[in-house]
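Notes follow once the structure below has been shown.
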């Protein structure tokens with residue numbers, strides 16, 4: 001095995017008492033956990049079983065510290081009250097969904113995780129050797145060069161466990177690790193967890209109802225029903241326990257299936273009797289004889305957390321922020337390169353955007369009678385750039401947050417380093433593409449051949465793409481699921497309507513003026529118009545074969561006609577830049593809130 005045995009004095013015995021958890025559901029208060037107690041010990045493979053909705057996942061969340069607010073009761077480590085800072089270093093929680101980036105191979109995924117979990121002094125070759133040893137232990141060596149999206153569900157689950165075992169955690173919690181697996185894959189996974197438990201670790205998982213073959217591998221089972229504990233102890237003592245209620249398990253029945261049938265009411269309403277018999281988890285008489293004694297408290301309980309923190313198996317975060325950022329930025333860029341279809345579509349879309357809008361307004365600089373349509377040229381380009389910048393954020397951020405939730409909670413890296421890496425990698429692609437669109441449109445429409453004007457025009461599209469991307473990030477971070485894909489275009493369409501009525505604000509109400517000034521599309525069009533029609537732009541030509549109203553060949557007159565004679569390029573760019581910063585900061589704080597226990601506890 002690639003995993004060292006945990007010394008007995010460093011084993012983590014997790015005990016909880018009178019845990020109660022309630023949530024507000026519409027106007028009613030719903031109790032998810034009702035004063036449950038229990039104990040999970042080092043060196044044991046424990047399983048929490050129960051019907052759907054009985055509180056298994058909620059109990060795991062509370063034990064992991066994933067939900068720590070609005071709860072009653074206590075959680076103790078080796079007889080002392082849990083210190084979350086210390087506990088977060090020694091515990092890892094694997095959620096039900098296998099949120100692993102699919103475009104990387106198993107070895108690449110493990111190598112990336114090792115950057116954060118292994119000591120900096122451990123060289124690349126040494127890290128690779130350790131990873132291959134771990135993959136051997138997990139029967140994944142042959143799949144090391146296979147992409148995550150090409151391996152089976154059981155192999156993906158084992159990769160999830162292997163990723164967290166790089167940090168040598170003392171406690172491993174798993175929510176429904178066998179979901180979607182066949183019997184063979186499930187037995188492989190449980191056998192692996194059994195080996196990890198035998199090395200001295202505390203392994204706790206939740207299952208719906210394991211088969212008889214799987215039941216034999218567990219040391220201890222914790223049965224829940226309607227938010228309460230109805231049994232806690234050894235699997236082979238379930239039959240004896242049920243005899244106390246004058247119930248005999250049929251020979252052909254799996255004892256676990258039998259107790260599940262009882263909790264479902266198949267043999268009458270015995271819920272309260274079972275809860276009282278097991279004292280809602282406080283009774284420990286059904287444990288195996290060798291494990292049934294109470295764990296003795298430490299001679300100096302106040303030093304217990306310090307002892308765990310200083311153990312060689314625990315490695316508090318020592319990676320500098322900039323190094324986290326560097327590794328995360330590299331992964332984002334590599335992910336973009338792997339997802340070739342997405343990046344190719346974005347390149348093609350930006351090129352077509354410049355060509356389509358350019359040819360649509362081909363005559364606006366070649367005939368003075370069409371010069372006023374430069375307004376629609378600027379508006380059309382900015383709308384297209386905003387859509388192309390906002391769309392990818394609305395589509396990818398919900399997916400990225402799922403990946404982030406697992407890695408961030410398990411102490412891989414700081415949230416700020418991930419956020420900055422994501423933003424900079426996105427902008428490194430987005431800004432050049434928006435500039436390409438602007439340059440194509442500028443030449444196709446025959447704008448003045450002045451380099452400074454071209455550069456300033458390209459800057460407008462770059463800043464607009466930045467603010468639209470930040471706004472899309474904020475929406476995708478704030479809304480659930482795919483809601484942002486509907487709300488985003490709706491808000492953008494409202495901004496476009498506001499943009500078209502923003503020329504004359506003198507007779508408008510205060511509310512209308514506020515709407516106009518908070519719309520970034522209004523400032524985007526102002527900045528574009530100031531370059532297309534202002535800054536002493538050369539007069540538009542008036543062909544001899546067409547009639548032109550003479551003042552219409554002057555950009556200054558057209559701006560006055562549009563009610564935009566007082567627009568300022570520098571002011572518009574400054575406001576757009578400020579909005580981009582504000583949207584990004586708001587999105588970061590939304591992420592921080594969504595990943596916090598306070599938010600999770602309200603679900």
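Every residue, even glycine, has its Cβ placed from backbone N, Cα and C.
Per TrEMBL, the feature domain 'ABC transporter' maps to 14-251.
Among residues of the same chain six or more beyond the transmembrane segment (343-362), those with a C-beta under 8 A of the stretch's C-beta atoms are 336-337, 373-374, 376-377, 380-381, 384-385, 388, 392, 429, 433-434, 436-441, 443-446. Marked as transmembrane segment by TrEMBL: 343-362 (among others).
The transmembrane segment annotation in TrEMBL covers 374-395 (among others).
Feature annotation from TrEMBL assigns transmembrane segment to 415-444 (among others).
Proximity of distant same-chain residues to the transmembrane segment (451-476), defined by a Cβ-Cβ separation under 8 Å and at least 6 residues beyond the stretch ends, is recorded for 381-382, 385-394, 396-398, 423, 426-427, 430-431, 433-435, 437-439, 442, 484, 487-488, 491, 520, 524, 527-528, 531-532, 535, 569, 573, 576-577, 579-581, 583-584, 586-587, 590. What TrEMBL records for 451-476 (among others) is transmembrane segment.
The transmembrane segment annotation in TrEMBL covers 482-502 (among others).
Panel annotation: around the transmembrane segment (514-535), residues 371, 374-375, 377-379, 381-383, 386, 447, 453, 456-457, 460, 463-464, 467-468, 471, 492, 494-496, 498-499, 501-502, 505, 508, 555-556, 558-559, 562, 564, 567-569, 572-573, 575-576, 579 of the same chain, lying at least six beyond its termini, place a Cβ under 8 Å from a Cβ of the stretch. Summarising the annotation, TrEMBL assigns transmembrane segment to 514-535 (among others).
What TrEMBL records for 569-593 (among others) is transmembrane segment.
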When you look at the transmembrane segment (569-593) alongside the transmembrane segment (374-395), do they share 3+ Cβ pairs under 8 Å, ignoring any pair fewer than 6 residues apart in sequence?
no
Summarise the model's confidence over the domain 'ABC transporter' (14-251) as a mean pLDDT value.
85
